[in-house]
Amino acid sequence: MSALSSENVNGVYIPSALLVFGTFLVKKEFVPYAVALTAVLAGFKLFTGDSKARKVLNPTEFQEFVLKEKTDISHNVSIYRFALPRPTDILGLPIGQHISLAATIEGQPKEVVRSYTPISSDNEAGYFDLLVKAYPQGNISKHLTTLKVGDVMKVRGPKGAMVYTPNMCRHIGMIAGGTGITPMLQVIKAIIRNRPRNGGTDITKVDLIFANVNPEDILLKEELDKLAAEDEDFNIYYVLNNPPQGWTGGVGFVTPEMIKERLPAPASDVKVLLCGPPPMISAMKKATESLGFTKARPVSKLEDQVFCF
């Protein structure tokens, strides 16, 4: 936060000046003591004000955030790191929710808005990261590819019906396709971060089916494999349309048989999370229903057994 910000002017400098001036009017010889006192209090206020984590998201208004870094993962996938106003700021995004990005796109009659889930969390202050795959028809994803470091992006949030809380169910099954892994990773990391061995209370089991076309399309594989290796209650099953020779994972589309074998069976304390391309999600809704899960609604609610991001 700037030393000349309105918060400091109204909360530090003006009260300090009034204290010194008031002391001068009442008893001039006490002015040096008043100056010393205000210096100490102002210094404390400035220091603690800068060190306190502040949630910056606004659910009703778009704000502009500066692109700090761009890391290319492949020819059409990048991680965009946006800076928050000050190093101690956090987004203030509940686990399971997402943000809206907006931009004016040439040829579009009005501002285009799309939803994305950061792959960073509020444990990482001062910035947030977005993993984005650029699609030929993707207005916002293509717009992001044109941004240079120092450019800004309009962001609003949080939004979404899912708010994950520790132990909200005994066992979670996940089915993700492509960039649909981002909300899953957010939940997975929150669960593992809050395990008893890490000082938390979350004992939720998590099984993930992650489907992609080619091996090189598997996003965040290194991080996912590391999490699975460190946590015995988190398991991943990869599925590829075009597997390499010697592939031991699933092949083709995700089937009811794969779901039955790899994910928990229907129960009152079980939840299935879905995120991926629309055709895949449509197929997964039918598959989970055929296995005895409650039929997924067109628009998911937190209490649903099958929840679609």
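Just so you know, glycine gets a Cβ as well, placed from its N, Cα and C.
What Swiss-Prot annotates here:
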BINDING   145-160, 171-208  FAD binding site
DOMAIN    60-165  domain 'FAD-binding FR-type'
TRANSMEM  29-49  transmembrane segment
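What Swiss-Prot annotates, mapped onto the structure for a quick look.
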residue: Thr145; record: FAD binding site; contacts (Cβ under 8 Å, 6+ apart): Ser78, Ala134
residue: Val152; record: FAD binding site; contacts (Cβ under 8 Å, 6+ apart): Glu64, Phe65, Val66, Leu67
residue: Lys159; record: FAD binding site; contacts (Cβ under 8 Å, 6+ apart): Pro59, Gln97, His98, Ile99, Ser100, Ser115
residue: Ala176; record: FAD binding site; contacts (Cβ under 8 Å, 6+ apart): Met184, Leu208, Ile209, Phe210, Ala211, Leu274, Cys275, Gly276
residue: Pro183; record: FAD binding site; contacts (Cβ under 8 Å, 6+ apart): Gly96, His98, Thr117, Met162, Leu273, Cys275, Phe309
residue: Ala190; record: FAD binding site; contacts (Cβ under 8 Å, 6+ apart): Ile95, Ser121, Tyr164, Asp202
residue: Arg197; record: FAD binding site; contacts (Cβ under 8 Å, 6+ apart): none
residue: Thr204; record: FAD binding site; contacts (Cβ under 8 Å, 6+ apart): Pro166, Asn167, Met168, Cys169, Arg170, His171, Ile172, Ile191, Asp233
Per DSSP, what is the helix/strand/coil residue tally across the domain 'FAD-binding FR-type' (60-165)?
8 helix, 44 strand, 54 coil
When DSSP is mapped onto helix/strand/coil, what comes out for Thr204 (FAD binding site)?
coil
